[in-house]
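Database features, via Swiss-Prot:
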- Asp13: active site, proton acceptor (ACT_SITE)
- His41: active site, proton donor (ACT_SITE)
- 12-18, 40-42, Arg305, 331-333, 413-415: GTP binding site (BINDING)
- Asp13, Glu14, Gly15, Lys16, Asn38, Ala39, Gly40, His41, Thr130, Arg144, Gln224, Thr239, Arg303: IMP binding site (BINDING)
- Asp13, Gly40: Mg(2+) binding site (BINDING)
- Ala299, Thr300, Thr301, Gly302, Arg303, Pro304, Arg305: substrate binding site (BINDING)
Amino acid sequence: MANVVVVGAQWGDEGKGKVVDIYTEYADEIVRYQGGNNAGHTLVVGEEKVVLHLIPSGVLHAGKRCVIGNGVVLDPEVFIMEVNRLKAAGRLEDDSTLLLSESLHIIMPYHKAIDIAREAKSGDKKIGTTGRGIGPCYEDKIGRRGIRLMDLIDPVAFSRKLRENLEEKNAILERLGEEPLGYNEIYRTYQDFAEILKKYMADTSLVLSKSVAAGKKLLFEGAQGTLLDVDHGTYPFVTSSSTCAGGAATGTGVSPREIHEVVGISKAYVTRVGSGPFPTELLDETGEKLRQVGGEFGATTGRPRRCGWFDAMVIRYAVRINGLTGIALTKLDVLSDFETIKVCTGYRFEGQELETLPAKLETFENCEPVYEELPGWKVDITGVRSYDQLPENAKKYVRRLEELAGCPIVMVSVGPRRDQTMMIKNPFGE
């Protein structure tokens, strides 16, 4: 029996949704532990593309319990829309398997209004927020002003907390040049949401602990990526939650001792959305080629992603921070049309080789990547179903990345569909 965490090993958008979808077959329960609807997991089921922003990818597998933990911030409207869309598509016939932590925090209209207004006034210092209120909601959580799901379904508590928050938030909005928000409409709308959400509410920490005691296999689904972690990422160009494997414990109330395997998801190259340092970024036709061939446009925002060569410094950092036991390598097929492929093996700053990623932003922004060049394979590999059938140069590329990462590659993906995946080792031990 193993409980497995899946984390992004780069700056997000690595293909976690597909990997989680595949691992779900071996898990009993799938748990989302951080972030909000700023994340988008794209899955291809048959010929159908499914994009999920809040609900764990395991929802596409009948009978699997899906849990949204206390570390998540939830936009009720988005959650309800996602549930209804899944039901209409015949993907969620029994929603009793879907649980929400009573302790998760609720995204309010003022969070979104403040998020958008701040970003608009940031000029060239934009973080690249999605404008969905994620950061301001986490601010209220840390500031002990937040509204939790248990508060939302208590009309008296919700009314009091809403009035207190509006007094403060409207003052902020007015300073930002925005119109204040009214109490009545928000109260009525969110009480309607509460009527729908209360059926899903549970003490999910207790539920999950009982599942562990009963020998159930848990799969923890992370959002974003290691380099977007609020503590360990490229601060301040990060998200507002703990995206690393440690967040799986704090974001669910499951003991860290009950986490046995951590799989980091990495593209065979690197992408990033929004601002922030990116040493291997390609601003030429090669970067544009990666973007077009890889379909590198955000599932949540549609924004074009910045693209660059594989960065072993980033992956080694992710291995160390998360305690990765394996790497799932995605989008290897995107590199099939390159004569040669570069891999960043290290950084130089002011002539000195760096041992690890620099914590100081100004240093990171001015790092010079050290590259080695590997031969490409110039063969379409999207139809390959066995690792041994990959072209020799593709296997050499995978082996070199494994050496540089210091961690075994346990899965290779050569396309968006489930069947375009080669599982070298199953973290659930099956």
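Positions of Cβ are set from backbone N, Cα and C atoms, glycine also.
Between the CA atoms of the residue listed as 'active site, proton acceptor' and Gln224 (IMP binding site) there is a gap of 7 Å, rounded to the nearest whole number. Gly40 (IMP binding site) has none of the binding-site residues Lys18, Pro304, Arg305, Leu332, Val414 nearby, counting only those with a Cα within 10 angstroms of its own Cα. For the recorded positions listed here (Lys18, His41, Arg303), the lowest count of other CB atoms within 10 A around the CB belongs to Arg303. Cα to Cα, Arg303 (IMP binding site) and Gly12 (GTP binding site) are separated by 13 Å. A coil conformation is recorded for Gly15 (GTP binding site) in the three-state DSSP classification, outside any helix or strand. Cβ contacts within 10 Å of Gly302 (substrate binding site), excluding its own Cβ and spanning all protein chains shown: 8.
Cβ neighbour density within 10 Å is lowest for Pro304 among the binding-site residues Gln224, Pro304. The subset of binding-site residues (Thr130, Pro304, Arg305, Leu332, Val414) lying with their Cα within 10 Å of the Cα of His41 (active site, proton donor) is empty, i.e. none.
For the binding-site residues Thr130, Gln224, Thr301, Gly302, Pro304, a Cα-Cα cutoff of 10 angstroms around Lys18 (GTP binding site) retains nothing. Summarising the IMP site geometry, the residues cited as binding it (Asp13, Glu14, Gly15, Lys16, Asn38, Ala39, Gly40, His41, Thr130, Arg144, Gln224, Thr239, Arg303) extend over a maximum Cα to Cα distance of 34 Å. A Cα-Cα distance of 14 Å separates Gln224 (IMP binding site) from Thr301 (substrate binding site). With Val414 (GTP binding site) as the anchor, the candidate binding-site residues are Asn38, Thr130, Pro304, and the one with the nearest CA is Pro304. Under the DSSP three-state reduction, Leu332 (GTP binding site) is assigned to helix. Cα to Cα, Asn38 (IMP binding site) and Thr301 (substrate binding site) are separated by 8 Å.
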